[in-house]
Amino acid sequence: MKNEVKKVVLAYSGGLDTSIILKWLQDEYNCEVVTFTADIGQGEELEPARKKALSLGIKEENIFIKDLRDEFVKDYVFPMFRANAIYEGEYLLGTSIARPLIAKTQAQIALQTGADAVSHGATGKGNDQVRFELGYLAFNPDLKIIAPWREWDLNSREKLLAYAQKHGIDISKKKGKSPYSMDANLLHISYEGLVLEDPAHAPEEDMWRWSKSPKDAPNESEIIELDFQKGDLVAINGEKLSPAGLLTKLNELGCKHGIGRLDIVENRYVGMKSRGCYETPGGTILLKAHRALESITLDREAAHLKDELMPKYASLIYNGYWFSPERMMLQALIDESQIHANGRVKLELYKGNVIVIGRESSNDSLFNAAYCTFEEDEVYNQKDAAGFIKLNALRFIIAGKNGRKF
């Protein structure tokens, strides 16, 4: 029953939708509301969220605003990039990887404040409802979960606006606010809705909020060097920064050179296809560099095994299973593969392209020019290849002698 909830922690952005949810929770559940706003690098001022919550009757001690940027990159983005994770061949999982941290922190605040429920603003059609709720239940299976979009009858924009006006919630539009449904963090920004709901319709150029069009990017390329330790980025052009600082710097470089735009139709976990556009400038650079480093530091079979496991790992993140035992098992294997992923990668950035022009690892490179040179060598006997080929062809030879045709 609705009156059984005493206190609820709401994932709160300060925007119209979550402000309506806040008021709806107060009215429908007659409960105390705690707001939680996460700073994961979305690029918006968060103090307005505090003021908005106060204006809606939330006590100061029940307003939580947390800077999670470094934790987000260090404990979520970097581990994911050790795996080179991509969903359905293209999507760098920018929204998916942010939800577990938000859910975990929200559940922790519920414990801290004695709340018996949590609430989110994800719709009943999308993946985020699954990601949030799997996260909540992983940390506290006794929490009641309130998903307003699955309960209320405010099922149109007109009804939402009417509810806001009735309850004195400010509905003034922010200057420069995009008409698209957007989600942003340090790894990416996404766009959905409006003309994008027709997959045949190209997005307008003014939709893209972060990056230059590759056509308008500088005519001069830029060379950068990225340093890695155990698979994680530690420095850009020799400058060591915090995890959040490193990704911020990569984003600046990628946006400048028109890198990281993506327009895809993806298969949602709930069963439908969805068209989305994404900008992941820093992540696109990071993925290219990390794979280049692995090309000289990973054993062949280890690298191939990682590539076989990656789609499963990516699907676990996309579908909301970050805290699952199977994801943690895969992570342990992936992290073991990164012990020798130390070195430097040199890249050229130019009009939407990330071009690898050098890679080196002073202590961990498995590239040995003495073995692969096209010049005369003394370490590799080419005659050995004949026996290698014959043994590997043995099954073909036996089948052929048995009359089988291929």
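Cβ coordinates come from backbone N, Cα and C, glycine included.
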Candidate sharing the L-citrulline site with Y91, S96, N127, R131, S181, E266, Y278 (per Swiss-Prot), from S190, S295: S190
Further ATP ligand in Swiss-Prot, beside A11, Y12, S13, G14, G15, L16, D17, T18, S19, A38, within candidate set G114, G121, G124, G126: G121
Site extent for ATP (largest Cα pair distance over A11, Y12, S13, G14, G15, L16, D17, T18, S19, A38, G121, Å): 17
When distances run from the Cα of S13 (ATP binding site) to each of the binding-site residues Y91, N127, S181, S190, the nearest one: S181
Chain-internal residues, separated by at least six, CB under 8 A from S181 (L-citrulline binding site): Y191, E192, G193
Spatial neighbours of D128 (L-aspartate binding site) among the binding-site residues A11, Y91, S96, G121, E266, Y278 [C-alpha, 10 Å]: S96, G121
Using Cα positions only, nearest of the binding-site residues to G15 (ATP binding site) (Y91, S96, T123, N127, Y278): T123
Spatial neighbour of Y91 (L-citrulline binding site) that is closest, considering only the binding-site residues A11, S19, G121, T123 and their CA atoms: T123
T123 (L-aspartate binding site) and S190 (L-citrulline binding site), distance between Cα atoms, whole Å: 16
